Amino acid sequence: MEIKLLIDRLKIKQVYGHTNREVTHITTDSRQVKKGSIFVASKGNRVDSHNFIEDVINKGVEVIVVERFVEVSDDITVILVNDSLRVASLFAHMLYEYPTNHLTTVGITGTNGKTTIATMLHHLWQHLGLNSSYIGTNGFMLNANHYETKNTTPETVTLTEHIHEAVDFGADVMNFEVSSHGLMIGRLNGVEFDIAIFTNLTQDHLDFHGSMTDYKYAKERLFTGLGQDLSKEKYVILNGDDPVSELYRTSSPYEVITYGLQSHHDIYADHIKESIEGTTFRLMTPTGQYNVTSPYIGLFNVSNLIAAMTACWVKGYSFEQIIQTIDQLERVSGRLEVLDDSLPIQLVIDFAHTPDGLQKVIESVKPLVQNKLIVLTGMQGERDTTKAFDMGRIACLGDVAIYTPDNPVDDDPDYLTGLLKAGATHDNIYEFSDRSRGVEFAIEISEPGDTILLTGKGREPYQIGPGGVKHPYREDEIALNAAYKKYGVMDREN
Ligand SMILES: CC(=O)N[C@H]1[C@@H](OP(=O)(O)OP(=O)(O)OC[C@H]2O[C@@H](n3ccc(=O)[nH]c3=O)[C@H](O)[C@@H]2O)O[C@H](CO)[C@@H](O)[C@@H]1O[C@H](C)C(=O)N[C@@H](C)C(=O)N[C@H](CCC(=O)O)C(=O)O
Ligand SMILES: Nc1ncnc2c1ncn2[C@@H]1O[C@H](COP(=O)(O)OP(=O)(O)OP(=O)(O)O)[C@@H](O)[C@H]1O
């Protein structure tokens, strides 16, 4: 695309150099530039990437977007603007031909359940015969192809580029985990959603948002962002069990469908029966009642599954069609996942890292516990530590609570476990500054019939230590190795 077309869209700007250049790529990261790239410089929390301009010019970049004047040779085109990241969104969407117009987009927001619902949907669409894409905490996916990403909602240019890749791949639908950070700092600028789903709002990320009120309004942006154009077919799917849905109901003019576990919702479940293999329930819908056998454990996963099914239903699939695919659905990686059911203990990994998530996950597992319940929980460094006290208290719903750090970054691991310990409600508690030792200890003290619930990590393959350095870490492997050592089960499948 000729940069003149991009520049013409901006009123407030100063442009130096030629405007008849062709560009094929845009990036906010100097390490990603190639010939034909526009490089957008910005001031981050850690570095000011205006400092990399010489470097990107040496790599062949001829067009740069900046927020402050920089001295460069005359053969470089410099576009000086007020807010370079806002311009990055605009240029990226123009360059990639407004990619969200070419597929169905589903945005999922809420404190817990985004990855779960987005993953369920990604599989449901494929079983219904569509090509699907997923972007979120577990990376970027095009059907079964998986690529790593850095954030739950990546920065604006990377996100737009991935949407463009999904369109090129032939994806019919793209499922987005929409983080409140992403909504607040413009990572989703230009993304036009067709379906917006809300899971729940409970305490998390107060280090970033400051208060639950600000956090609530951050998430509301997904719903106000749907716009007002009623010639478009869009839907709002809200968890009726969460009171915040009443606000989000008023945030958008599109049809609202509520789901949940209570009979006054539009779509809900009753006759729920839980086991360690999964859950059965009766799905009550505007088109009839259906029996569902779900491979997912836990009441909150009934809610999550209904949200996912509802998104397929509003796109025209019947509940009969949708339910037929459910027994083929894959487990959601690291979310209430039972590791090797041949063991004499129930060894479960989960990603719960908020008080509500932890409470729900313990409540889900408790009825299935035969002997004692050992809960391991962790506190993240440099994050919302005000949740630690409650998490320490909730972990004591187990007979044994083990406190560890989880991605401590530059915080002292003992400080983090101490914050958890402050909430303890019984004495059967242990602290480990090395999380893997805590996992091994949980196995060491277990007896056949016990349930061990390892929360906060799931299958995240690293621990973030001092300086933000990621060290390889696999909780599933540590736990299984310790369990095989203790219980001698050799036929491991992993
Ligand atoms: C606090 C925060 O949001 N930080 C984000 C921010 O980092 P930053 O401001 O420190 O960036 P920086 O390192 O100063 O770099 C500034 C600019 O220079 C560029 N750069 C940098 C180095 C270089 O050599 N060359 C270069 O061009 C960078 O690409 C960037 O454009 O910009 C980065 C690039 O876009 C993000 O990856 C990073 O997310 C970090 C990793 C993070 O942990 N964010 C969390 C708080 C977050 O966003 N979480 C949400 C929610 C998750 C959930 O729901 O649990 C998420 O969506 O992930
Ligand atoms: N609907 C729900 N309500 C409460 N807790 C839930 C719900 N769904 C999942 N959880 C719990 O929260 C944990 C995280 O789930 P999931 O990864 O789906 O959430 P998320 O919103 O994507 O979180 P993140 O933004 O941190 O990636 C799960 O492992 C489970 O313990």
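Residue numbers in this text run from 1 along the chain shown.
Cβ atoms are placed via backbone N, Cα and C, with glycine included.
As recorded in TrEMBL:
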- GLY110, THR111, ASN112, GLY113, LYS114, THR115, THR116: ATP binding site (BINDING)
- 22-72: domain 'Mur ligase N-terminal catalytic' (DOMAIN)
- 108-311: domain 'Mur ligase central' (DOMAIN)
- 334-458: domain 'Mur ligase C-terminal' (DOMAIN)
- LYS219: N6-carboxylysine (MOD_RES)
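Recorded features from TrEMBL, shown on the structure.
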residue: GLY110; record: ATP binding site; DSSP class: coil
residue: THR115; record: ATP binding site; DSSP class: helix
residue: LYS219; record: N6-carboxylysine; DSSP class: helix
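If you average pLDDT over the domain 'Mur ligase N-terminal catalytic' (22-72) in this model, you get 95. Annotated pair THR111 (ATP binding site) and LYS219 (N6-carboxylysine), C-alpha to C-alpha distance, rounded: 9 Å. The distance from the Cα of THR115 (ATP binding site) to the Cα of LYS219 (N6-carboxylysine) comes to 16 Å. THR116 (ATP binding site) sits 18 Å from LYS219 (N6-carboxylysine), taking the Cα positions as reference. Cα spacing between GLY113 (ATP binding site) and LYS219 (N6-carboxylysine): 14 Å, rounded to the nearest whole number.
Cα spacing between LYS219 (N6-carboxylysine) and GLY110 (ATP binding site): 7 Å, rounded to the nearest whole number. Taking Cβ-Cβ distances under 8 Å and a sequence separation of 6 or more, the neighbours of ASN112 (ATP binding site) in its chain are THR199, ASN200, THR202, PHE300, ALA352, THR354, ASP356, GLY357, LYS360. Report note: the ATP site is defined by GLY110, THR111, ASN112, GLY113, LYS114, THR115, THR116, and the residues of the same chain whose CB lies within 8 Å of the CB centroid of those residues, excluding them, are ILE108, ILE117, GLU177, THR199, ASN200, ASN304.
Taking Cβ-Cβ distances under 8 Å and a sequence gap of 6 or more within the same chain, the neighbours of GLY110 (ATP binding site) are ILE197, PHE198, THR199, ASN200, LEU201, LYS219, ASN239, ASP242.
When DSSP labels each residue, the domain 'Mur ligase C-terminal' (334-458) comes out as 44 helix, 31 strand, 50 coil, counted as helix, strand and coil in that order.
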